[in-house]
Amino acid sequence: MTAHLIRGAQLVDGTRADIRLEARRITAVGSGLDAAGATVVDADGLIALPGLVDLHTHLREPGGEESETVRTGSRAAAAGGFTAVNAMANSNPVADTAGVVEQVQALGDDAGYVTVRPIGAVSQGLQGTHLSEIGAMATSRARVRVFSDDGSCVADPLLMRRALEYVKGFGGVIAQHAQEPRLTIGAQMNEGRLSSELGLAGWPAVAEEAIIARDVLLADHVGARLHVCHVSTAGSVEVIRWAKSRGIHVTAEVTPHHLVLTEDLIAGVDGAPGYDARYKVNPPLRAREDVEALRAALADGTIDIVATDHAPHTAEAKCCEWPAAANGMVGLESALSVVQSAVVDSGQLAWSDVARVLSEAPARIGQVDGHGHGVVEGAPAEVTLYDPNASRDFAVTDLAGQSQNSPYLGMRLPGRVVATFHHGYPTVLDGAVVDDETVAARAAETVAAHAAAAREAAR
Ligand SMILES: [Zn+2]
């Protein structure tokens with residue numbers, strides 16, 4: 001096992017330190033650490049963040065391998081500074097049984113770039129009628145703790161109640177895609193003046209807010225944990241703020257794109273053509289007032305975390321007329337830069353807050369063991385080195401996954417992930433993703449070493 005010594009990084013509290021990684025742990029943090037037996041990584045000018053954790057990633061495998069696989073999605077995650085992702089259940093077959101969630105987790109272990117935690121479906125086949133095998137998934141080797149029908153809202157209030165009651169028994173959480181289905185039939189973009197002008201069917205804010213209001217009341221009634229996916233409206237923020245003030249166990253996420261992009265992009269701005277389907281996403285891009293409310297809610301803690309909703313699609317699914325195009329954007333590789341531009345450069349969040357909303361809190365909500373413990377002595381060796389002073393025109397070459405449906409291509413973005421360490425080894429180094437074979441071989445090695453150590457400890 002090789003040790004790594006990160007030399008002269010800036011910690012999130014602003015102090016400068018060396019960080020030694022060895023045998024999957026951060027074994028020392030301090031100045032002037034001995035580099036004996038270690039590979040030295042120069043981190044002058046770089047911020048050391050705890051490895052990022054995404055609570056909302058679509059890896060598409062099984063069944064959607066033409067747009068992403070567990071391996072390619074894991075690679076995209078590492079490129080973005082992530083060391084763990086939670087894989088959404090809307091694969092094909094749906095992750096609604098122990099067999100599928102164990103398969104997804106095993107594919108993640110084999111790829112080795114990040115910890116892959118499968119999310120289980122709430123309902124069988126995401127059909128919204130019968131509960132899935134929640135207990136079997138929870139007790140499987142994948143130990144699923146987050147359940148979601150993301151993409152489809154659990155619209156039936158009785159099914160939602162039963163799901164909350166079921167997960168309460170083992171401390172799980174229901175992550176809801178809040179979209180009242182009958183209020184959003186045929187919806188193509190945010191409902192408002194612009195949707196009328198463009199002649200596109202509207203997706204009204206109330207369709208999100210009404211479900212969140214119902215769900216926080218149900219969560220309160222049952223005494224269970226609710227997590228609200230991709231909050232997109234100012235009104236939703238108000239509902240969540242009210243629920244938290246009442247002590248209801250609700251947490252919420254916002255995506256990077258809802259922190260910066262607005263519906264005006266659909267009409268075309270600055271001479272860009274309109275109806276560019278890269279901006280088609282669900283929930284839709286909203287108005288400037290919503291963006292401002294979401295930023296403020298992230299800053300004051302009403303919204304707990306940033307989650308990417310990384311949603312890869314093939315060119316065929318996105319390069320077509322607006323109504324026919326698929327919803328979704330890739331977001332793992334750009335997340336940290338977008339968060340910096342939206343809320344760090346504006347002074348609303350400090351880097352310690354970024355560590356909280358992109359690592360510590362998502363790890364806690366998702367119960368992702370071995371992540372979110374900060375860059376401190378004794379913590380797992382999950383570290384991201386980030387250069388906040390870099391700047392780049394975001395390009396296809398910045399994408400490390402299989403699909404290229406990023407809304408940021410051609411935009412100037414601040415910052416760059418320089419290195420990512422997972423289980424103490426680099427998955428990204430000098431800004432380049434380490435190759436699949438090296439990462440997979442190291443993953444197999446560390447898993448074997450870990451198992452041997454566990455056997456030794458058990459003797
Ligand atoms: Zn969703």
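A Cβ is built for glycine as well, from the same backbone N, Cα and C atoms used for every other residue.
Any TrEMBL annotation is an automated prediction that lacks curation.
Feature annotations, reproduced from TrEMBL:
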ACT_SITE  Asp309  active site
BINDING   His58, Leu59, Arg60, Asn90, Asn282, His313  substrate binding site
BINDING   Asp150, His177, His230  Zn(2+) 2 binding site
DOMAIN    47-234  domain 'Dihydroorotase catalytic'
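Location within the structure of each feature annotated in TrEMBL.
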residue : record                 : DSSP (3 states)
His58   : substrate binding site : coil
Asn90   : substrate binding site : coil
Asp150  : Zn(2+) 2 binding site  : coil
His177  : Zn(2+) 2 binding site  : coil
His230  : Zn(2+) 2 binding site  : coil
Asn282  : substrate binding site : coil
Asp309  : active site            : coil
Please find which two of His58, Leu59, Arg60, Asn90, Asn282, His313 have the most distant C-alpha atoms, given that the record lists them as binding substrate, and give only that distance in angstrom, rounded to a whole number.
17
Asn90 (substrate binding site): nearby recorded positions from Asp150, His177, His230, Asp309, Cα cut-off 10 Å:
Asp150
Once near-sequence residues are set aside, which residues in the chain of Arg60 (substrate binding site), 6 or more away, have Cβ atoms under 8 Å from its Cβ?
Ser67, Glu68, Thr69, Gly73, Ser91, Pro312
Could you round the CA separation between His58 (substrate binding site) and His230 (Zn(2+) 2 binding site) to a whole angstrom and send it over?
13
Going through the binding-site residues His58, Arg60, Asn90, Asp150, His177, His313 in sequence order, which have a CB under 6 Å from an atom of ligand 1?
Asp150, His177
Who sits close to His313 (substrate binding site): which same-chain residues at least 6 apart have their Cβ under 8 Å from its Cβ?
Ser67, Ala326, Gly328, Ser403, Asn405
How many Å separate the Cα atoms of Asn282 (substrate binding site) and His177 (Zn(2+) 2 binding site)?
9
Between His177 (Zn(2+) 2 binding site) and Asp309 (active site), find the distance joining the two CA atoms and give it rounded to the nearest Å.
11
Between the Cα atoms of His230 (Zn(2+) 2 binding site) and Asp309 (active site), find the distance and write it as a whole number of Å.
8
Does anything in the same chain, at least 6 positions from Leu59 (substrate binding site), have a Cβ under 8 Å from its Cβ, and if so what?
Glu68, Thr69, Val70, Gly73, Ser74, Val85, Ala87, Met88, Ser91, Val104, Val116
Rounded to the nearest angstrom, how far is the Cα of Asp150 (Zn(2+) 2 binding site) from the Cα of Asp309 (active site)?
10
For a quick check of packing: other C-beta atoms within 10 Å of the C-beta of His58 (substrate binding site), how many?
26
